[in-house]
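Trainee: Pasting in a structure now, in structure tokens, and then I'll have a few things to ask.
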Amino acid sequence: MSFSWSAKDHKSYTNPPSNPTQGLKRPRNETGNKVTVVLGAQWGDEGKGKVVDLLATESDLVCRCQGGNNAGHTVVVEGTEYDFHLLPSGIINPKSICNGVVIHLPGLFEEAENNEKKGKLNIFRITVNAVVDGIQETQRQATEGKIIGTTKKGIGPTYASKASRIGLRVCDLLGDFKEFSTKFKNLVEQYQSMYSSLTVDTESQLKKLKEYGERLRPMVRDGVYYMYEALHGPPKKILVEGANAALLDIDFGTYPFVTSSNCTVGGACTGLGIPPLNIGEVYGVSKAYTTRVGIGAFPTEQLNVTGELLQTRGHEVGVTTGRKRRCGWLDLVILRYAHMINGFTAIALTKLDILDVLDEIKVGVAYKINGKRIPHFPADMELLHKVEVEYETFPGWKSDTSAARKWNNLPQKAQNYIRFVENHIGVPIKWVGVGKSRECMIQMF
């Protein structure tokens, strides 16, 4: 048997055309529209919603690409505060879609009604597993004496069912309902065999799901074709909103204290079916300090008066869980790490005004183990718990920045702080946030 190849094996190439691309139909837009991606650069809660809302005013389409209602984004427009968990933060402005997102249908409709906004939704996965998430946390506490600190919204079990190929999708719900009902009952039975305390009124749930399906039907589109048309049709500004953040990524975050999806730039491609070629600007969002909700290592955390001040001034309470956020100094080690993964083209630095009252401000620039710098961000969480943080200390500016609307309005010491952060991570800072509303975002360039 010969493994060689010749032109005889493909007769159509015996007399190849002088132009190999002759006769091939080109897309209407050969290169395609570029997509701008907004991602969290810390452990979430950085103010992504505000940045998305700001950019959405100039966008034609806003897309949510991963996560579920474990996310919480607050947007303030003309004095009105909106809380989003499933809906894209940009839904206040243009047409919006969701794909690659795990959906809790009652929560979706309740959120839409509460915010009194309508968007064109493009959803392919639903969740029926919120109860299981809570049971798993209870079992971890009982057997190991510790928990992960999930939002108990069913995100982990839903992604697990997806990976196990037993998950329920919107196309299932909108297809043959008899077939969907069988899949639903099988899924319930499987969970009940694992968790004896789980009780589900199957018939009641199916009745509700059928009603939700009919409400959902006019909102659903085929995501691959929808995005392809958006990318290769007329010129269009497309904005992608990531949920959660780099340090919560299932692959690159502080595992196991992470979420269940990829919240880094690759999640935009896999969640929406966008080719990497079409990724344009990638904006990372970071607070001027660091916060974290739930369990897990937090090297720059301040369990003292400073941490309490940041928590109080920053109103650091989770939109989704209502839990107080843990607070600490800005950690440039994790920002550099997030940049390595995402390739940020610019940074939005939010909540600078929270630091206005401090006499001095510290920034974590390196980690040490046994007095020696380590050259990387530890993958081992036991090691991350043991690191000693090396800080740079800056004098506070001790003045109100909340009214600043231009770079020159900021105190010199605040400018020095911003420039240090920018230079240390090697990414330009494009916006500085000094308040809740979109008007409080100072654009640098």
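Each residue's number is its place along the chain shown, starting with 1.
In case you wondered, yes, glycine gets a Cβ from its N, Cα and C as well.
Okay, these came from TrEMBL:
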REGION    1-31  region 'Disordered'
COMPBIAS  13-22  compositional bias 'Polar residues'
BINDING   44-50, 72-74, ARG325, 351-353, 433-435  GTP binding site
BINDING   ASP45, GLU46, GLY47, LYS48, ASN70, ALA71, GLY72, HIS73, THR151, ARG165, ASN244, THR259, ARG323  IMP binding site
ACT_SITE  ASP45  active site, proton acceptor
BINDING   ASP45, GLY72  Mg(2+) binding site
Trainee: Suppose we draw a 10 Å sphere around the Cβ of LYS50 (GTP binding site). How many other Cβ atoms does it contain, all chains included?
Mentor: 28
Trainee: Could you check which of the binding-site residues (ASP45, ASN244, ARG323) sits closest to LEU352 (GTP binding site), going Cα to Cα?
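Mentor: Checking each of ASP45, ASN244, ARG323 against LEU352 (GTP binding site), the shortest Cα distance is to ASP45.
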Trainee: Which Cβ among the binding-site residues (GLY44, GLY47) has the fewest C-beta neighbours inside 10 Å?
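Mentor: Across GLY44, GLY47, these binding-site residues, the one with fewest Cβ atoms within 10 Å is GLY47.
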Trainee: Using a 10 Å cut-off, grab the number of neighbouring Cβ atoms around the Cβ of LEU352 (GTP binding site), all chains included.
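Mentor: Taking every protein chain into account, the count is 24.
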Trainee: Using a 10 Å radius around its CB, how many other CB atoms surround ASN244 (IMP binding site)?
Mentor: 30
Trainee: Which of the binding-site residues GLY44, GLY47, LYS50, VAL434 has its Cα closest in space to the Cα of ARG323 (IMP binding site)?
Mentor: GLY44
Trainee: Write out the long-range same-chain contacts of VAL434 (GTP binding site), meaning residues 6 or more apart in sequence whose Cβ is under 8 Å from its Cβ.
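Mentor: Those within reach of VAL434 (GTP binding site), by Cβ under 8 Å and sequence separation of 6 or more, are LEU352, ASP353, THR401, SER402, ALA403, ALA404, CYS440, ILE442.
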